[in-house]
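Trainee: This structure is in structure tokens; I'll ask about it shortly.
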Amino acid sequence: MDEGNHNDVTPGGTGEAQRNSTVDSGVWGPLATGYAVLAGAAIVLVTGYLEFGVWLDAQSLVLGSAPVDMTLWPGETAVAAALALLIASPLLAARRFPALRTVGATWAVAAVLMGLLGVTRLVAMPAGALQLAVQAVCCAIAAAVLWPLWRGKPASPSPDRAPAAPGAFWWALCAGGVMLVPWVWAGALGGAWETVAAVAAALGFALLCGVLLGDRFWSRFVGMSGARRILGGGAAAGVALALPSLVMGGGGLNLLIGMSVPAVCFAVAALQRRTYRTGRVVAAAVAPATFGPLAYGDADEFLPLALGPDFGVWLLVAAIMAVLLAWLAGLLYGLTARKLVTVPAFAAGTAVIVAAVAGGTGALAQPGLHGEKLLVVLREQADLDGVEGDVAQRRAEVYSRLTATAVESQAPLRAELTARGLTWRPFYLVNAIEVDADLWERDWLEERSDVAAVLLSPQSRPVPFAWPVTTGGPLETDAPQPNITQVGAPTAWQAGSDGDGVVIGIADSGVDGTHPAFADRFRGGDDSWADPVNGTTEPNDPNGHGTHALGLALGGEGVGVAPGADWIGCANLPRNAGNPGDYLACLEFMLAPYAPGEDPFTDGDPSRAADVVSNSWGCPHVEGCDSGVFGPALAAYQSAGIFFVVSAGNAGPACGTASTPPVGDPGAFSVGAVDAEGRVAWFSSRGPVGGHTVPALVAPGTDTSTNGVVSALPGGGYGRMMGTSMAAPHVSGAVAVLWSAVPELRGDVSATAELLRETAAPVTGATGAELDACGSAEDAAGAGMLDVAALVRAAG
């Protein structure tokens, strides 16, 4: 990266850069300098604000289960780049101020690069490795094109040429390496191809930045005093670096890159004491600083509004720490760089130490590779027509047909996967195989005649520490909670129906099995708890969401609808982010439970199946699901007489938002939320979806617009949560109460669903939008509000 300008200058020399610097420093007026400062700040604020806004928009689409329109990213980037170019343009006319003009020109070129690189964001967000590979190639091409156009004309060597600074490269590498450490500690690597692509993207971007911030730029600053060079040059370089940084990586990860990487420019400025080969110093610092977030961050998980703060908070912590370390390096280099840059051996040794610290941190933090997987859905699905008999017979027959179909039809694909050295996990509820493979394997899988679809099955990367578990306090009253009274459950209890003899399965973040509200009604045995994510063998809940949901379904102390029912549990999203594979694993467990370590295909026991399965989760596009992925599973549940309840989602009051799989599937009984006054809650997702009414009905999901309903929380306490996640368990409990009151209905899914609709109480109001804003009141409230007392009366 030798840009060609061979003037080496130190203060007191007579090189070209010294003369430029002296001229500039004498003519910079306060107005020109003031505009440059304001322009730089405006560029950073405007582009950052626009990037932040489109990131929020993307999360809103995820919440509504709408595929993220990838044209949002390059479109917004083009607007941001155009505004940055407009702001920088007046500096191009500053002929009396060569340094300001050079800064303006650098910012303008950076804005153009931002706009051009923005096109790479058309690559879909889940395809992280492909996007990074594309960005690596584009950065390299841009650097090759820019270098002869931007490096400037070579100047004649100066007779008083200053000694070279051989240690600058290594000290720059140290600064970037120090910034890498927080990412290694807080994040985790993805798959092999993702990591290789991150290396390539970081090197390509570093090369581009080295060309952009090369001799032409630094020749205007090296002759200045140390403070002016570091503060002025570092800030100007940081603005230039921020623009292309804001398009590197996918999702909101670019915001963290744009926030952290430019901070290294102050350290780079402290090391720039000559006017040639300056670009290699920039590249040495930028490469490791960029590699950190690209490799150890996962854009798919940096969606805190949609998926919760878990992984995203740690990435933000890493970015802040990286910025602070970069500033500290700038301060130390500013005080000592004159001597340090002349000791290359010391600098190289320090770089090795920094690399060792980063590697050691990775080995102790979250070691290993944590790549995404693929869910391969086979074309042949089990034929369940003609399944007859009582509930036990039907469940046994469904399980037998499902497993037999899967074993036979999967055999050729299993053999091929094994021959290729790929690990896999089979499923039977949906005839599918989850493959531990990168996206590069997707093409040959999709080309197979026995494959219907290949879906992404994203894997959550580990974090340094678990997010604090939500805990609560004691109950304020022994009486049934207002939401339990609101649905008429106490009236059904007085008639002798409380869910006794019915098993509710909860698939959620987990369950605190020691909670006094329901500990005595855990069914027990080795086959009543499953954890396909973390492999735990006893009920536990690292989040609190599942404990709260189960309490509303069957908790004692007046918090649950069916306090006499038993329960089993499965943890499918302990960190509030799941994938179709883990969701299917829990659904299979509910049909045919098995003990930890046993084979679901051969050791499952359908006689121990759950009667009702409560699901306060959804699988949006960002988690890998499409609209039909759970269809065969829900059809099997219907045949087996298992009632499937699911929350409608919290993307209201917009219309058509109750579509997150499995909500829109005809086999799912979806539940929206109302408040204490019986009005549809503002957040409750609405229909219509797929030509049928969703939600099916509504139930209490909040007290007021900002205050949730009371239920159990980990640690033995109680507290409030709000959402349709809280509404769905009311219906799960209601079905248990109904089946305990009328055992003949147990397993009759269609008749039960019809009774729930027929006995629902009218809903006359809504918050956030009119009740009929989406076409009819049913698109917001379904058949009405759950009425357990009327349900039991009608069935009796």
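Placement of Cβ uses the backbone N, Cα and C atoms for every residue, glycine included.
TrEMBL lists these features:
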- 1-21: region 'Disordered' (REGION)
- 27-50: transmembrane segment (TRANSMEM)
- 70-93: transmembrane segment (TRANSMEM)
- 105-124: transmembrane segment (TRANSMEM)
- 130-150: transmembrane segment (TRANSMEM)
- 162-185: transmembrane segment (TRANSMEM)
- 197-218: transmembrane segment (TRANSMEM)
- 230-247: transmembrane segment (TRANSMEM)
- 253-271: transmembrane segment (TRANSMEM)
- 278-296: transmembrane segment (TRANSMEM)
- 311-333: transmembrane segment (TRANSMEM)
- 345-365: transmembrane segment (TRANSMEM)
- 499-760: domain 'Peptidase S8/S53' (DOMAIN)
- D508: active site, charge relay system (ACT_SITE)
- 523-548: region 'Disordered' (REGION)
- H545: active site, charge relay system (ACT_SITE)
- S725: active site, charge relay system (ACT_SITE)
Trainee: Provide the number of Cβ atoms within 10 Å of the Cβ of H545 (active site, charge relay system), excluding the reference atom itself.
Mentor: 25
Trainee: For S725 (active site, charge relay system), which residues in the same chain are close in space, meaning a Cβ under 8 Å from its Cβ, but six or more apart along the sequence?
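Mentor: H545, H548, A549, S616, W617, S647, N650, G701 - these are the non-local Cβ neighbours of S725 (active site, charge relay system), listed in sequence order.
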Trainee: Should anything in the same chain at least six residues away from the transmembrane segment (345-365) have a Cβ under 8 Å from its Cβ atoms, list it; otherwise answer none.
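Mentor: Contacts of the transmembrane segment (345-365) (Cβ under 8 Å, skipping residues fewer than 6 from its ends): 167-171, 173-174, 177-178, 180-181, 184-186, 188-189, 288, 464.
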Trainee: Work out the three-state DSSP category of H545 (active site, charge relay system).
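Mentor: In the DSSP reduction, H545 (active site, charge relay system) maps to helix.
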Trainee: For the domain 'Peptidase S8/S53' (499-760), what is the mean per-residue pLDDT, to the nearest integer?
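Mentor: The average pLDDT of the model in the domain 'Peptidase S8/S53' (499-760) works out to 95.
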Trainee: When you scan the chain for residues with a C-beta under 8 Å from the transmembrane segment (311-333), skipping those not six or more beyond its ends, what do you find?
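Mentor: Here the qualifying positions are 171, 174-175, 178-183, 185-187, 230, 234, 252-253, 256, 259-260, 263-264, 266-267, 269-271, 289, 292-293, 296-298, 301-304, 340, 460-461, 463-464, 467, 575, 577.
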Trainee: Do at least three C-beta pairs under 8 angstroms join the transmembrane segment (130-150) to the transmembrane segment (105-124), pairs 6 or more apart in sequence?
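Mentor: These two segments touch.
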Trainee: Can you tell me the three-state DSSP label for S725 (active site, charge relay system)?
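Mentor: In three-state terms, S725 (active site, charge relay system) counts as helix.
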Trainee: Hey, would you say the transmembrane segment (27-50) packs against the transmembrane segment (278-296), going by three or more CB pairs under 8 A that are 6+ residues apart?
Mentor: no
Trainee: For the transmembrane segment (253-271), which stretch among 70-93, 105-124, 278-296 has the most Cβ pairs under 8 A?
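Mentor: Out of the listed stretches, 278-296 contacts the transmembrane segment (253-271) most.
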